[in-house]
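Peer 1: Quick one: the structure is below, and I'll ask about it shortly.
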């Protein structure tokens, strides 16, 4: 029942006092899907329950029969669909009604000096369990899961003895019924509480910073306590990227935004401009937004070469000062590229620069000029076939001469040439990749189903249903819980 809750909570910690850059809302539809997954998983796991030996004594009027039931295993179970709901201001309330389990094992009795033994079959019917789980936070700032309340009752327990002198003891089975029924009732809620505690421990040990690639770390602690109302569970996450080289905050803050809940989908996600721009800042501060371009990188079929001769029509004095020399360009960001989300559109301002060098015969580089290149890109994105797709256009391109070692020159022709080159090379390749699509990552075998992406003012929202698939030979939620009766 907690499968989707784990999805939302196992990446969280607290970072109070900050606006969240990522928001997530689990709807009632998502909760009900989670309860269905939980029922299937419980049906599978009950068969591996470890049941301890049962010891006791029954007064049969002429003395006490001491008994031991051991080697107990589950032979069958019927798990009805749980009823799960959000418990406003607390967490979750789950009710299972009519659970039935059949077990078998061995029995041993001692009555005075008389001992006997055989096998038995035990059936427990109409087990009802009500559990309230509180969702909050502890003093260390991690998510806190605790059992707020638990009630359990067993409607009926039937036991039949086989072998040995079981016919002698069978008339006293009704006395065993009450004892076995009481033992089962006593152990259900401690079992529930044990596994809630296991989940709490699991969450408290979770990391909240994840290395995304060789350059970036994503920080996703909670910025506020989880918000539980009667129809949803909401989480606010920091959602900030850092460079692996230094944990430096960007010179801008996350702005507040309101993520609308889509009740028709299981999960709603919101990603603000801050998250994307923090990644941009991390790349920039680490010096990764730069590249060296030389003639070997120009397609062989291109008539334009990266040398002073080809630049002659654009900068007439260049081939005269440095005749027939190869050139090298250093392209880099002058400042942090900034993304902005507007209604149905994403824009990115890239303040770039290009430094040009002539390659001397001895392979040394001679500075030629520096150009400031300011570009604005705009585009749209969508989700299709579990891929992120889109289209990017060049909205504005401005080139200015920042400095020159070869004298002043007009930049209009060079600007036109570079703008054309940008469109037919960089943008063409980027749009081809976006048309093909970028596969969306999955987590714990959870896939988005029919996701709807919408670009809104300041953030991107995704509303989606979910599909939890097991890996090859791996059952759902494998390894998260381990059931054991005590």
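Every residue gets a Cβ built from N, Cα and C, even glycine.
Checked TrEMBL, it gives:
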type: DISULFID; residues: 150-189; note: disulfide bond
type: DOMAIN; residues: 26-246; note: domain 'Lipid-binding serum glycoprotein N-terminal'
type: DOMAIN; residues: 261-464; note: domain 'Lipid-binding serum glycoprotein C-terminal'
type: SIGNAL; residues: 1-17; note: signal peptide
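Situate these features within the shown structure.
Peer 2: If you draw a 10 Å sphere around the CB of residue 189 (disulfide bond), it holds 17 other CB atoms from the protein chains shown.
In the predicted structure, the domain 'Lipid-binding serum glycoprotein N-terminal' (26-246) carries a mean pLDDT of 84.
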Peer 1: Across all chains shown, how many C-beta atoms besides its own are within 10 angstroms of the C-beta of residue 150 (disulfide bond)?
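Peer 2: The answer is 18 other Cβ atoms.
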